[in-house]
Structure formats: C-alpha cells, structure tokens
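Novice: Pulled these features from Swiss-Prot for this protein:
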- ARG97, ARG107, ARG135, ASP224: substrate binding site (BINDING)
- ASP224, ASP248, ASP252: Mg(2+) binding site (BINDING)
- GLY282, SER283, ALA284, PRO285, ASP286, ILE287, ALA288, GLY289, GLN290, ASP291, LYS292, ALA293, ASN294: NAD(+) binding site (BINDING)
- TYR142: site 'Important for catalysis' (SITE)
- LYS192: site 'Important for catalysis' (SITE)
Amino acid sequence: MAQHRVVLLPGDGIGPEITAVARQLLEVVSRRHGFSLSFEEQPIGGSAIDATGEPLPASTLDACKAADAVLLAAIGSPCFDSLPREKRPETGLLGLRAGMELFANLRPVKIVPALIDASSLKREVIEGVDLMVVRELTGGIYFGQPKGRIETEGDERGFNTMTYSASEVDRIAKVAFEIAQERRGRLCSVDKANVLDVSQLWRDRVDAMAPSYGPVEVSHMYVDNAAMQLVRDPRQFDVLLTGNLFGDILSDEAAMLTGSIGMLPSASLGSEGPGLFEPVHGSAPDIAGQDKANPMAMVLSAAMMLRIGLKQAAAADDLEAAVDAVLAGGFRTGDLMAEGCTQLGCRAMGEQLLKAL
C-alpha cells in the first residue's frame, strides 16, 4: 500500500474549519483507493506567532520539506497589522515558498455548470471554460535587483528591475509544457516582447523549447491583449504561461470568470520535493469560528494535491465529482447562495460532500 505524508497548515481565520472538512474527505478517499495518508498539523502565520512568536517556525518548515505534500488553508489576521512587516503572518507564507524552493504557481479556472450564473459575464462567453494559469513565482520585477528609492536633485526616484535568466524561463516553461501535454495540448505564452527585452528573452526560450514538446500547439500573446481576451473569449485558452508580475494580475482576472473566489484552488511547485496546495481565498477573519466558511476551494486544493502532488488521480476525481454533485443538488454556503438553493454551514457542507463521495 502506498503511503504518503501530508503536512496540514490550518493557519488563521477560517483555516481550521475548512481543514477539518478536507481532512475527513481525504481519509475516506484514501481508504477507498487503497493508499495511506498520515497527517501532521503544524502552525504558520498568526497561529504560529501566538504559539512561538514567529510566523514560520523552523519546525514547521522542516516538517514541510520532509513531507510528500503540504496542504495550507489560510494565513492572515488584522490583529497583527501593527507588527513590523517581517513579523506579520503573511511573511510566513513567503518564507515557506522560499524555503521549499517553489517557483511555479498553478491556478486552474474551470466553470462549474451549477454556478455559471454567478459569473458577471454572459453564459455564452464562459460556458465550458477550463484553463490553467502557470505563473513564475520567484523572479521578475518583484525580486529583481537593483531596486529602491533614491533622492535626486530636487526630486525622488523609485525603481525596480524586471529580469529573468534563460534557466528561470526554461524551468517554468517546462512545467507549463508538461501540463499542456496532459490537458488539451495548447500553450499560450504571455509577455510584452514588443517593448521589453526581458520578454524577448522569454519568448525566445519558449520557442526554443517547443520542438521538444512537438504535439503541443504554442502561441504568444502580449499581456494587454491577453487581459482583453480573457473576458472576450476565455474558451480559447488551455494553458497560459507567464511571468510573475503579469501572472499576478492575469490569474486574479481569470479567477473572477467563475464569479466566486471561494471555489478556486491553487498549487505551488518546485523542481523536486513536495508541493504546496492552498485555496486562493484569504482567512476571512470576520466569519472565523461561525461555521459560515465555504470549504469547497480547500477540498479542490486537496484534489489538486492528490492529482499533482501524490499521483492519486482517481481519488482526486472522486473529490471533484463530489463537489460537482453537491452543487448540482442545490446546496450552497452563504457566499454562493442563490434563489431556490439550500444554505448550509461549513460542517453541514462537509457532511453533504461525504455523502456524495
């Protein structure tokens, strides 16, 4: 029997509530499909600050690096906003990504038929949308040097450097090409090569790698056009590959095609070692502990963990099918509530998901 070690990071706010739901479901599907999951909970973010004084204890990072996969719920609380930036909960996530050497962020966007009317776009535009944004996570303008602010004669100047090496582009492009091979075989690389030298390098490297992935159809699109096309005709996209800054913007734009951030999972991967899987949404401290949280994105993040991190695709299929079945049955948490549906709390939604498995 295959055995997998999973570190759970409940974190802050609604994190513990949605983690409990995901864990129950994972225990059921692992038994059904003949593999074993051992769970270890570790503190991160605000909960870690309360327990240890640090947003990312060394013991948490060590446990994550030794695991087969890491499932994170949510980080952040306004009660820590007065702390120095380097001591706030969010720096725990940044440190975790750096410590685990994660460079590829995956954001799937798939329209759930039962929720199609939740989108602000017309049904005929978004029906059938199923795309993946692959964003480079550790390079580009957010991390490039030099950066800073300087005083000049009678003025002040701020500056950042957008930079990528060929090897950085190659490793993120490899991830995107491999995902495209497993999906519908189309990869659109998004850049600004008409004005940026760094984007010209990006495009050249993607083109150089394309022959190694022969069946994959490769196209290029400027980022301004990509932003427009995502709302004009999102069905044209299969896999979108882009850098850190452009991906930060486009992934959030693509997320809202679904109409609810409460349904969106994500993954962050490195060249080797465990991946980090987490919902896109935040910690929602305003509803924490009130049994109002939507656990769906956490459950779908657990499905991504099974499929990508642990290579248990059949179990992932079961979790995703359970989510679809519960929504098709008219069950909703408050954030998704619509006329004619039945509103449930977090725990009751977890019970419906268990019944649907």
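Heads up, the Cβ atoms here are built off N, Cα and C, so glycines get one too.
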Novice: List which of the recorded positions TYR142, ALA284, ASP286, ALA288, LYS292, ASN294 have their Cα within 10 Å of the Cα of ARG135 (substrate binding site), in sequence order.
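Specialist: Of TYR142, ALA284, ASP286, ALA288, LYS292, ASN294, within range: none.
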Novice: Nearest to ARG97 (substrate binding site) by Cα distance: which of the binding-site residues ASP252, ALA288, GLN290, ASN294 is it?
Specialist: ASP252
Novice: For ARG107 (substrate binding site), what residues in its own chain, 6 or more apart in sequence, show a Cβ-Cβ distance under 8 Å?
Specialist: MET132, VAL133, ARG135, SER251, ALA254, ALA255, LEU264, SER266, VAL280
Novice: Measure from the Cα of TYR142 (site 'Important for catalysis') to the Cα of every one of the binding-site residues GLY282, ALA288, LYS292, ASN294, then give the nearest.
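Specialist: Closest by Cα: GLY282.
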Novice: What is the interatomic distance between the Cα atoms of ASN294 (NAD(+) binding site) and ASP252 (Mg(2+) binding site), given in whole Å?
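Specialist: So the alpha carbons of ASN294 (NAD(+) binding site) and ASP252 (Mg(2+) binding site) sit roughly 19 Å from each other.
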Novice: Please tell me which one of the recorded positions listed here (LYS192, ASP252, GLY282, ALA288) sits closest to ASP224 (substrate binding site), measuring Cα to Cα?
Specialist: LYS192
Novice: Roughly how many Å lie between the Cα atoms of GLN290 (NAD(+) binding site) and ASP252 (Mg(2+) binding site), rounded to a whole value?
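Specialist: One finds 27 Å between the Cα atoms of these residues.
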Novice: Just jot down the residues in the same chain as LYS292 (NAD(+) binding site), at least 6 apart in sequence, with C-beta under 8 A of its C-beta; none if empty.
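Specialist: Non-local contacts for LYS292 (NAD(+) binding site): THR333, GLY334, GLY345, CYS346.
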